[in-house]
């Protein structure tokens, strides 16, 4: 059943949001507000899909409800999220119908960053882009164009287009957020790890604020653990919501997480609190690890992290006593120290030392089809993976990536080629990268906003202004699109179908991706279609042989119509039964389901790991001399500066949702947290206009005086201070903290650094 909603109906339904700034604007070419008439057509039945208001990708259902707009709720079939959505997820309808969203292609007619645009047809936009890409290819080589896409399904299409074009320089957003913990997982465990928070009895949390960053499944698990009596200890410089929920909050010195973890680990090892049997059977490199951290006593590390040695030792002893139902949470955004790879490896090693791997209330391997199948007998049915549709081989590229990922002895050998070290793109453009294989002449950016998400925004803007071509695919004129030559209008997540995905928690599963709830508004197109049509204009159509997204999906499931129908109806499908390799009851249930797996069970009724856990990295030792662990002091700020740290708010998603009317109305700017003693010394009172400044930039905001932050530290929420004047609600409000950050790339991990120094004064 289809429901049609006219522009008059829409304006009527939007009236309730008038106070939130939902004004029908005629000032921005190519926007929904510039259309004279628009019918909104969609399903009156609930359609299972995936939210895209942040990168957590929660499962949802949505439908059109007459003249009331689109109703969004959590998918009730998803037990991990309990059928819930957060404030951001609930505002998806508001983003869909935002008059300031882009629904037609636009091209720059003034200087970059001047904000002068004209509407163009898709054919005109494609022709311009294809011609410019060919010119760069002929003059400088295809490898001099970088392609960046935010993590998600759009990345599939545009990274494929990039490699068909001949560029190896494809990037995601990970080096500005979670890359180091993914690298650490590959180094220590050989792959990704999941956390069973709900069954844990003791959790150490170092700034992984799931209550404000909001991952609904994690929120529910943490709350279940707390309600069941688990002890949660939080270490971070400010009193976050996570810290408020915790049993203990310790205000650790910014950027000094690693000394705490090393002192904690030192206690486990040198007081013989670790699980000797587990380490001996399943781990390698223990003696090398022990030797590397011997100097890192709790007493020495306490002087660095500002947590007393007695506290470090007490927490380690309590943690070991609670194991294996104890988790040292390795976090998500990992941009706090130049030694991020060492820090995240250390956190993961702590879990291995207490033997919590593949245990209830501990950590476990993500079990996709290939991982799961290795424990099945020959006669047992196997979990299916998704097939990748066949395409021609990519052209051979002779020039290495600018980050040299893929080279045998490259510094960032643990990084994924599909993510890369994106912060190197501006440096390679401006010739600020010693030994770079090439200069970047063009940047194709898909639903990513480096002006707001990369450090030292002025450098990013300078790089954008110097390029031969900048193309953005987005739903709005973002801060980066503000400096583009062409902006192509992507659909919102409620207007498109996407590819299927395969993954696994405790057993393999498939996901629907996203399903279209309403027809695209204006002339917006989904990413798969933009990439396919542009490839045809570029003479690369053979690389996109599928007719449409439905054809692509059918090839993914190898023509399995039953699986196709189930995924479209339910939104997900799983295989087998949950498996925890070191839990006898789970292994017994697994063997009951798959009798052939009995041959994999050891004398203890458990299943051994497929490979050893690595507590010392021979490859890292070879490349950087850092196979073990150790602490290297770093100067984050000058003596007369304060530390600045940032975090997420539950009503903003990085730089993505600042202009969404409802969310902007909930939080227009980010007041900066200042300790009362610090504010008193500076003559600053609550609510005063203030200026933050250092040698890189200056930003203005308001003061929030609170004891919930260290005296030597300022705190602000991320996602404010937008520079695009076409984001009319969000422009110029609050602090873009990235503008104040130095351009620093952490060794071995390639992470940006989000802890830095600033001065503050009354504005």
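Cβ from N, Cα, C; glycine included.
Record features, source Swiss-Prot:
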| type | residues | note |
| --- | --- | --- |
| BINDING | 51, 54, 58, 86 | [4Fe-4S] cluster binding site |
| DOMAIN | 44-100 | domain '4Fe-4S Mo/W bis-MGD-type' |
| SIGNAL | 1-34 | signal peptide |
Worksheet item: Within 8 Å of the centroid of the Cβ atoms of 51, 54, 58, 86, which other residues of that chain place their own Cβ, given that this set defines the recorded [4Fe-4S] cluster site?
Response: 53, 56, 57, 60, 85, 88, 89, 214, 216
Worksheet item: So, by DSSP, how many helix, strand and coil residues make up the domain '4Fe-4S Mo/W bis-MGD-type' (44-100)?
Response: 12 helix, 15 strand, 30 coil
Response to the item:
So residue 58 ([4Fe-4S] cluster binding site), by the Cβ count within 10 Å over all chains shown, scores 23
Item to complete: Quick one: among the binding-site residues 51, 86, which has the most Cβ atoms sitting within 10 Å of its own Cβ?
Response: 51
Worksheet, complete the sentence: Within 10 angstroms of the C-beta of residue 54 ([4Fe-4S] cluster binding site), the count of other C-beta atoms across all shown chains comes to 20
Practice prompt. Would you mind giving the whole-number mean pLDDT across the domain '4Fe-4S Mo/W bis-MGD-type' (44-100)?
Written response: 91
